[in-house]
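Straight from TrEMBL, the features:
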DOMAIN    42-291  domain 'G-protein coupled receptors family 1 profile'
TRANSMEM  26-49  transmembrane segment
TRANSMEM  61-83  transmembrane segment
TRANSMEM  103-121  transmembrane segment
TRANSMEM  141-169  transmembrane segment
TRANSMEM  198-230  transmembrane segment
TRANSMEM  242-262  transmembrane segment
TRANSMEM  274-293  transmembrane segment
Amino acid sequence: VLGDGNHTSVAMFVLLGLLDQAELQLILFPVFLGTYLITLIWNLGLIILIRMDSHLQTPMYFFLSFLSFIDICYSSSISPRMLSDFLKTEKTISFIACATQNFVLAWMGASECCLLAAMAYDRYVAIGSPLQYSAIMAPSLCWRMVAGVYGSGFFISFVQTVACFNLYYCGPNVIHHFFCDIPQIIPLSCSDPFISQLVLFLAALFVGFGSFLVILLSYVFIAVSILKVASFKGCVKAFKTCGSHLAAVTLFYGTVFSVYMHHSSQHSTKQDKVLSVVYTILIPMVNPLIYSLRNTEIKEALKRVLKKAA
């Protein structure tokens, strides 16, 4: 705690971490290290494969490569510090480091929401207007959409971080979490948090629900387009086209809403931590699998690349 006369301000926060038991933390260290390394390898591998194979130069895989990049950044903003904290008895983080971690997390989280919405629109165009697809989803539009995704995420994250860390912190500095999560930090401030909470609520409304609404509308139009298809084979093909995206959306929004929609209700901190592990650690690892496992195009591309390498 830094002091100047009658005023003191917090220079460090204390993270309570994922678990209280030191023995369990040592057991979890190799598990989370393995998870983080798999996340990096799978996501980087998918980005390289999409860049190398000419057959994957389509809007869907273009967006998928950026989703993998977001997942790498998202996971990297939490996992390395979390892993080092497993080996420490005192888990402290400086005020600046906490704000930086929160900024990167919020930026990547908001960007993922927007990118999932852009991918839903891409799936709608692919199913609803297959003949005009390449004309509508031109490379210039795809690049503008990605710029909009990262730009929106950056702006929202910047506003949220300033709103939270501009508050006055004078004493309590224990965060009941394994990373700097805004809903855990704001209650520690000694100033009135109303404006900050309002800013956070509006940001969540704009990005979270705005993106979710775009996804929902896209799937309503996709369903209408599928129902117009007479053949069963056509329906199955259409569903396969968006099945992976639907699974990724359900997993991401399901866990995020579970954590942030209930605050100050009956959920315990332990439940929050478990759900947070799902969307910050597991989802970045699982996303490339969701899009690759049953995807024949990616399997064929991998065969081509390996053949070329051999």
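Every residue, even glycine, has its Cβ placed from backbone N, Cα and C.
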Cβ pairs under 8 Å with the transmembrane segment (26-49): which stretch of 141-169, 242-262, 274-293 has the most?
274-293
Any contact, the transmembrane segment (61-83) to the transmembrane segment (198-230), with at least 3 Cβ pairs under 8 A:
no
Would you report the average pLDDT that the model assigns to the domain 'G-protein coupled receptors family 1 profile' (42-291)?
89
Taking residues 6+ outside the transmembrane segment (198-230), which of them lie with a CB under 8 Å of any CB in it?
110, 113-114, 116-117, 120-121, 123-124, 127-128, 152-153, 156, 159-160, 163-164, 182, 186, 238-239, 242, 246, 249, 253, 256, 260
At a Cβ cut-off of 8 Å, and with pairs 6 or more apart in sequence only, do we get at least 3 pairs between the transmembrane segment (141-169) and the transmembrane segment (242-262), yes or no?
no
Chain residues in Cβ proximity to the transmembrane segment (242-262) (below 8 Å; excluding those fewer than six residues from its ends, i.e. six or more beyond):
67, 109, 112, 116, 119-120, 123, 127, 183, 204, 208, 212, 215, 219, 222, 272, 275-276, 278-279, 283, 286-287, 290-291, 294-295
